[in-house]
Amino acid sequence: MKKLWQNCHIATMQNGQYSYIEDAAIVTEGHLIHWIGKQQQLPADTYSETVDLNGAWVTPGFIDCHTHSVFGGNRSVEFEKRLQGVSYAEIAASGGGIASTVRATREASEEQLLNSALKRIRCMQQDGVTTIEIKSGYGLNYENERKMLRVIRQIGEKLPMTVKSTCLAAHALPPEYKDQSDAYIEHICTEMLPKLHAEGLVDAVDAFCEHLAFSPAQVERVFKTAQSLGLPVKLHAEQLSSLGGSSLAARYHALSADHLEYMTEDDVKAMAESGTVAVLLPGAFYLLRETQYPPIESLIKHGVRIALSSDLNPGTSPALSLRLILNMGSTLFRLTPEQALAGITIHAAQALGLEQTHGSLEQGKVADFVAWDIEHPSEIVYWLGGDLPKRVVQHGQEVIF
């Protein structure tokens, strides 16, 4: 049955632009957009339900394309210690940092991880998020990476959202592989990835290419394994130093390379040629008080598509609001509101390989959209907080919180 959503204005975000339709309407049929356009051009038809949006602005549902939403515990005490002058290295040496999250995640049951993640993600839903990517990477062995990926699949079953799972086993070196990074990478490639993929738990494969994680050569080993399994790849790259990770990602036609503060112009050109999306993570940049900015002008100059994401994680970006990330993207990285909104809609969809079905409001695409109590789409980026979403629609059905 067809449902009519009328009396609204629409920012479709086609081609990464507002692409306004004023005095508009949307017709949904099942989970898809059947028709979209000016209300005066609405075809004569019979509708099972008519919804008056009362002049609201409508945007595509938000897509959070880089998160670590499943984890045990939190690191708020470490946050306070850092502000008291304790260095990250000192925290890590005392058993804190990512090691503490690995311990807490390993100790937690599937049910505990699921319940804590659902609380966080429901907050994001209320902010307009309808699609989310979630990474593993706090288990760091087969049993616990599997546990995390099973929880991610369960989130997709429990919530009316599109949920994509990414295996990030190559996130950090687990304690049982201390000083044996090559052996751990071999374990990922010969044991973990093939088994997890065979169980249908993996949509994409990610790795952390950095001096404190894994080298480009080690990451390439992971990428080759993913490629042999038919899985797309993504990469944490150039966050703290320039190792050429983003160029490596481009060579393997990665969906995205993420962080990118230290990427070079050659890296940018390589990503432009491969079509790899640049995912910027201003929440981590903000919390870590970084001073090295991603090369925004170069990315734009060379036509690299820019996405934004929360990077929700317990250590460096405990961000539960993608709208706050929008403002950070504009304020810190000087993206225009239009560029920022493209970064959490159509460009974020491209970073997940979903651009044919998600990310913009067009006939035939999935009916994920948000109605906003605003006078112009730039307000979504401008306001810090506030109850702006009037309705969140997922697969053609309004989400009731």
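Heads up, the Cβ atoms here are built off N, Cα and C, so glycines get one too.
Per Swiss-Prot, the features are as follows:
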BINDING   His66, His68, His236, Asp311  Fe(3+) binding site
BINDING   His66, His68, His236, Asp311  Zn(2+) binding site
BINDING   Arg75, Tyr138, His171, Gln239, Thr316  4-imidazolone-5-propanoate binding site
BINDING   Tyr138, Asn313, Gly315  N-formimidoyl-L-glutamate binding site
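Mapped onto this structure are the features recorded in Swiss-Prot.
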residue	record	DSSP class
His66	Fe(3+) binding site	coil
Arg75	4-imidazolone-5-propanoate binding site	coil
Tyr138	4-imidazolone-5-propanoate binding site	coil
His236	Fe(3+) binding site	strand
Asp311	Fe(3+) binding site	coil
Thr316	4-imidazolone-5-propanoate binding site	coil
Request  = Just jot down the residues in the same chain as Gln239 (4-imidazolone-5-propanoate binding site), at least 6 apart in sequence, with C-beta under 8 A of its C-beta; none if empty.
outcome  = Glu210, His259, Leu260, Glu261, Tyr262, Ala284
Inquiry  = Taking 10 A as the limit, how many CB atoms besides its own sit near the CB of His66 (Fe(3+) binding site)?
reply    = 30
Request  = Could you tell me which of these binding-site residues, His68, His171, His236, has the greatest number of Cβ atoms within 10 Å of its own Cβ?
outcome  = His236
Ask   = How big is the gap, in Å, between the Cα of His66 (Fe(3+) binding site) and that of Arg75 (4-imidazolone-5-propanoate binding site), rounded to a whole number?
value = 19
Nearest recorded site to His171 (4-imidazolone-5-propanoate binding site) by CA-CA distance, among binding-site residues His68, His236, Asp311, Asn313, Gly315 = His236
Listed in sequence order, residues with CB under 8 A of Arg75 (4-imidazolone-5-propanoate binding site) and six or more positions away = Gly96, Gly97, Ser100, Thr101, Pro314, Gly315, Pro318
Note = When each of the binding-site residues Asn313, Thr316 is scored by other CB atoms within 10 A, the minimum falls on Thr316
